Amino acid sequence: SGVMETSNDQSMVGVQNYLQKAAQNLKPIVPIKFYISSRTDTGVHALCNSAHLDIQRAPGKPAFDEKQLIYSLNYHLRPEPIRILNAHRVANSFHARFSALSRTYVYRLLMGCTHHSEIPVFERDLCWAPVGGHLNVPAMQDAAQFLLGTHDFSTFRSLNSETPFQSPIRTILQVDIRPSSGFLSHHYEHRGLEFWELKFRSRSFLYRQVRRMVGALVAVGQGKLAPHHIKELLEIKDSRAFPSNAMAPPSGLFLKSVEY
């Protein structure tokens, strides 16, 4: 249901709620709040996200060491598909969101499916199989070059409450489109299915920017747009100019890493 904390009256619960509930079992004297680096949406996955938190223990109690913290939090997260992978002590000036140097997202595409029933069951909700089967990858790679560098990405963001306060200028450091293996691909490669990964790296991204960029690149791969249309969409600088229904679904998107 997304990373961010949801209020008590909502039926969907965010990853942050589960983390904070687990952290309360550490018996802090002040409730623990997680400050999360990358605020992934409902349906998006994270291979590795990061957060910072402050723990105040009762007077006389020693500070947790990293291994204790990992073990304790994971013990209380057991029912959920959430795991703490690492913990590090950091300076008070560190902020998980604002100290990040870059974030890397990967989007997984499945080509060769003529119908959604052909998606391998083990890949369900972990990729996007665009309608029509195959895509023109060289055209997509040409189009991706227009996204590299510093641009006004107004056309490639969805509007939300932060939009009026946020600059639309972002710098895309890397865009790659490469073949990739599926989780169990040797079992179904005889069916002509191909996995491809689109990788994007930037210091930060706008709301739904990656899903819009992927959707536009897939439209190029389907022949609905030409590569130069990506440049034109950037130049329009208007979110309403984005082609309707072209945004990629959340299921194929993974936050791969946050670099500090």
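Quick reminder: no glycine exception, Cβ is built from N, Cα and C everywhere.
In TrEMBL this protein carries:
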ACT_SITE  ASP41  active site, nucleophile
BINDING   TYR105  substrate binding site
DOMAIN    143-260  domain 'Pseudouridine synthase I TruA alpha/beta'
As a test of the contact definition, list every same-chain residue at least 6 positions from the residue listed as 'active site, nucleophile' whose Cβ is closer than 8 Å to its Cβ. GLY2, ARG208, PRO250
Checked against DSSP, the composition of the domain 'Pseudouridine synthase I TruA alpha/beta' (143-260) is 46 helix, 32 strand, 40 coil
TYR105 (substrate binding site) has how many other Cβ neighbours within 10 Å of its own Cβ? 25
Summarise the model's confidence over the domain 'Pseudouridine synthase I TruA alpha/beta' (143-260) as a mean pLDDT value. 93
